[in-house]
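What follows is a single structure, and I will ask about it in a moment.
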Amino acid sequence: MEFSTADYSIFVLLLVLSAAIGLFYALSGGRQRTVQEFLLANRSMSFLPVALSLLATFQSAVAILGVPAEIYRLGTEYWFLGCSYFLGLLIPAHVFIPVFYRLQITSTYEYLELRFNKTVRIFGTITFIFQMVIYMGVVLYAPALALNAVTGFDLWSAVLTIGLVCTLYTTLGGLKAVIWTDVFQTLVMFAGQLAVIVVGARRVGGMARVWHVAEEQGKISGIDLDPDPYVRHTFWTLAFGGVFMMLSLYGVNQAQVQRYLSSRSERQAVLSCYAVFPCQQIVLCLSCLTGLVMFVYDREHPLAPSGTHISSDQLVLYFVMDVLRDLPGLPGLFVACLFSGSLSTISSAFNSLATVTMEDLVRPHFPGLSESRATLLSKFLGELGAWAFGYGLLCLGMAYVSSMLGPVLQAAISIFGMVGGPLLGLFCLGMFFPCANPTGAVVGLLAGLAMAFWVGIGSLVSSMGGAAPLANSTVTPPTNLTTVLATTLLTPTTPPPSPTGLQKFYRLSYMWYSAHNSTTVIAVGLLVSLLTGPTPPSAVDPRTIFPVLPRLLCCLPARYRQRLCCGVRFPTQDAPHPSPTAEKRVPNGVGAAPRDSAEEQGYGPPAYALQETAF
């Protein structure tokens, strides 16, 4: 289980190359001289690196460990999550990306001020920061803990290494360095997983035999069409509940939206969303095949030391170290693969946190700040760099707290899984319902978060009370972070006999959390908006609305479709030839939309002057 010199060399090479990419973009090109270059890569990226960066942000080290463990324990049912990728990427490509890109915003939460007001924007920003900081602590700590248990890798050295390397290249090279580092790390992840699958399958007689044995042992799952939302994994839970999870990630999450906005045109942004679809399917297949190979290999070559009990996430690393033990350098490649997942996820979070802090919390207090002075403060006085580094240290602190809290941390992991749903609901409320007002948005968001905490904490307390075992029946109950996350937010596999009332409610599958909480935000937000007075149509900027109902019901007569727009008249209806003197709101001094992203696609500015929002 010891690392060889070749293993350490490959691992160190990964870290050095990641830091070198940041240094390269700090010293080349525009040298991060403007806020737009630092935060949005000067809106110059093509679709392919953006797509790979989107993939790397989603594919964390926890997924690399957790998905094979899920397949090892419970079979290939999880594979059906891939069905959710289609709508989960198609909807962002044709709904969210056009709205965000045409507004030429930098922070996703600028949209909330344009649509509602500054208060809603601050609520959304704080919710996002809360979500990401907690999750980053887990992502830092989880792979380090597993590596320490299996390879003897020093726990805190691993945590500090990941955190500091991410902070270095994020602060030096900005978003462009983050994206190109993600591309490099994605290739490392593919190489590491392929090496494990190929070598492992050869050791047990080939992939055909792996599939045959797994099928004999009931690990190849059929389509479970049970519509019960309290069943942990069914086809409907994964394929449709997963859509809402994907929308919260690829539709409104700042880390992902920031990559869309870095594209050189709206078309490139949409293409990046299409390109990430086959990449996601490949990654899911590789992770599932790793789990099947691990299951067959463990039957013939027991991985767990005699008389010991290990968690399934650790079993993944025992499998890797055992399979690749005679091939110097390959264990190091997989560890580099694991760290690549952490580096890509954390660097994306650092960059997005720096962005929302600067754009949503700093700039509004300095409305007269010029672009040159903002750049000077950001670059040379370390405003943005300090925020990125500060969040890095805060996440390291969360990692330390993670090691001390034990079971309490399980609630924090559940919180991350649930906060994305209310944020998705908040954006859908504003984008699809013109009548929604700021009061309804704030109350709806708070109601969605309250519902999320209620269900999550109730599920946690219920499972800790011994009412039901955790979904990890193959091995001992989980006692560390990666196993908890791999067991998918503590939703039990086998609920107690005939649960009733709240006990039944607390068994809601984790895959429905996002749908449940976003629906709560929309329902409460609409109700409060109607009770307090809907937003007048004249007060709604039509660029912030996506008329989903009129487009879905396009066969209705025009007057009925207009009623579905709540009186809001769009530029294509009112002004097919907009006045050239009409003003276009450009937030935070960012330049006008590229010609091929707005004018050539027939989406011009409104036919009336919009009042500048004061920051």
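Using N, Cα and C of the backbone, Cβ positions are placed for all residues, glycine too.
Please treat TrEMBL annotations as automatic predictions, because they have not gone through curation.
Because the structure is a prediction, the values reported are computed rather than measured.
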Would you please say which range out of 333-354, 553-574 has the annotation transmembrane segment in TrEMBL?
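Going through 333-354, 553-574 one by one, TrEMBL flags 333-354 as transmembrane segment.
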Please give the sequence-distant neighbours of the transmembrane segment (6-27): residues at least 6 beyond its ends with Cβ less than 8 Å from one of its Cβ atoms.
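Residues packing against the transmembrane segment (6-27) from afar: 161, 165, 168-174, 176-177, 180-181, 184-185, 188, 328-329, 331-333, 335-336, 339-340, 343.
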Flag the pair the transmembrane segment (333-354) / the transmembrane segment (122-143) as in contact if three or more Cβ pairs fall under 8 Å (sequence separation 6 or more).
yes
Considering pairs 6 or more residues apart, do the transmembrane segment (273-297) and the transmembrane segment (79-101) have at least three CB pairs under 8 Å?
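In contact, yes.
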Determine which recorded stretch among 47-67, 79-101, 234-252 has the most C-beta pairs below 8 angstroms with the transmembrane segment (179-201).
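So the stretch in question is 47-67.
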Hey, which bits of the same chain come close to the transmembrane segment (440-461), Cβ under 8 Å, at least six residues off its ends?
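For the transmembrane segment (440-461), the nonlocal Cβ contacts are 112, 116, 119-120, 123-124, 127, 410-411, 414-415, 417-419, 421-423, 425-426, 429-430, 489-491, 502, 505-508, 513, 516-518, 520-530, 532.
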Taking the transmembrane segment (79-101) as reference, which of 47-67, 122-143, 155-172, 234-252 has the most Cβ pairs under 8 angstroms?
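Ranked by Cβ pairs under 8 Å, first place goes to 234-252.
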